[in-house]
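Chemist: One structure is given below, represented as structure tokens, and several questions about it will come after.
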């Protein structure tokens with residue numbers, strides 16, 4: 001096993017995975033048929049003492065793909081008007097191309113091997129991002145095709161809460177319900193929450209793992 005002093009790097013913490021926090025806002029629940037309307041991504045970094053923290057942020061409003069379903073209930077829930085020109089929306093290709101480029105650079109700079117999505121109820125966000133990447137014919141997808149870090153599950157374990165707002169409050173963080181269901185705000189809160197859970201485990205002595213003793 002590596003010496004503990006060598007386990008403070010991001011590449012050592014998650015088996016070579018590079019965690020990237022993602023949140024999406026959509027026009028429904030079906031990743032294949034319903035529109036992706038907004039996406040934000042935040043990369044993470046570690047300081048020299050091994051504490052995890054947010055790093056770089058990208059955020060895009062996204063144009064519905066041709067033929068996409070726009071479920072009225074979903075639009076009422078997130079308050080997005082896809083036809084509003086003030087959104088400054090870009091294509092799925094433009095949004096994901098920029099995010100993937102940022103992520104690939106982070107993987108290289110940190111010495112990691114592949115990105116892993118961090119999200120709250122991650123299956124949902126992962127399915128929409130992967131479906132959009134497929135529609136956009138983006139071949140160099142840096143994210144693992146199925147492995148994720150789900151902060152809903154991690155929060156249930158560490159904090160006894162699974163709802164994002166309640167988990168943030170349980171962790172001693174602020175959460176503004178008026179800003180919820182914005183991809184940018186939810187991603188920022190999820191990033192801070194994930195870092196707090198990882199860092200709390202370190203403060204409690206759970207990381208680095210103890211070195212094996214000779215018998």
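Note: Cβ is positioned from N, Cα and C throughout, glycine not excepted.
Annotations for this protein, taken from Swiss-Prot, read as follows:
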type: ACT_SITE; residues: 181; note: active site, proton donor/acceptor
type: BINDING; residues: 23; note: Mg(2+) 1 binding site
type: BINDING; residues: 23, 25, 181, 186; note: Mg(2+) 2 binding site
type: DOMAIN; residues: 20-194; note: domain 'Exonuclease'
type: SITE; residues: 29; note: site 'Important for substrate binding and specificity'
type: SITE; residues: 77; note: site 'Important for substrate binding and specificity'
type: SITE; residues: 124; note: site 'Important for substrate binding and specificity'
type: SITE; residues: 146; note: site 'Important for substrate binding and specificity'
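Explain the structural surroundings of these features, please.
Modeler: Within 10 Å of the C-beta of residue 181 (active site, proton donor/acceptor) there are 15 other C-beta atoms, taking all protein chains into account.
For the recorded site, residue 23 (Mg(2+) 1 binding site), the DSSP three-state label reads strand.
Packing around residue 23 (Mg(2+) 1 binding site) is summarised by its Cβ count: 29 other Cβ atoms lie within 10 angstroms of its Cβ, all protein chains included.
In sequence order, 71, 74, 124 are the residues of the chain that are 6 or more apart from residue 29 (site 'Important for substrate binding and specificity') and have a CB within less than 8 Å of its CB.
Sequence-distant neighbours of residue 77 (site 'Important for substrate binding and specificity'): residues of the same chain at least 6 apart with a C-beta under 8 Å from its C-beta are 181.
Summarising the environment of residue 124 (site 'Important for substrate binding and specificity'), the number of other Cβ atoms within 10 Å of its Cβ, over all protein chains shown, is 16. DSSP gives residue 124 (site 'Important for substrate binding and specificity') a helix state.
The number of other CB atoms found within 10 A of the CB of residue 146 (site 'Important for substrate binding and specificity'), across every protein chain shown, is 9.
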Chemist: Take the Cβ of residue 25 (Mg(2+) 2 binding site) and count every other Cβ within 10 Å, whichever protein chain it belongs to.
Modeler: 25
Chemist: Sequence gap of 6 or more, C-beta under 8 Å: which same-chain residues meet both conditions with respect to residue 186 (Mg(2+) 2 binding site)?
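Modeler: Listed in sequence order, they are 23, 40, 120, 164, 180.
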Chemist: In angstrom units, rounded to an integer, how far apart are the Cα atoms of residue 146 (site 'Important for substrate binding and specificity') and residue 25 (Mg(2+) 2 binding site)?
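Modeler: Residue 146 (site 'Important for substrate binding and specificity') to residue 25 (Mg(2+) 2 binding site), Cα-Cα distance: 20 Å.
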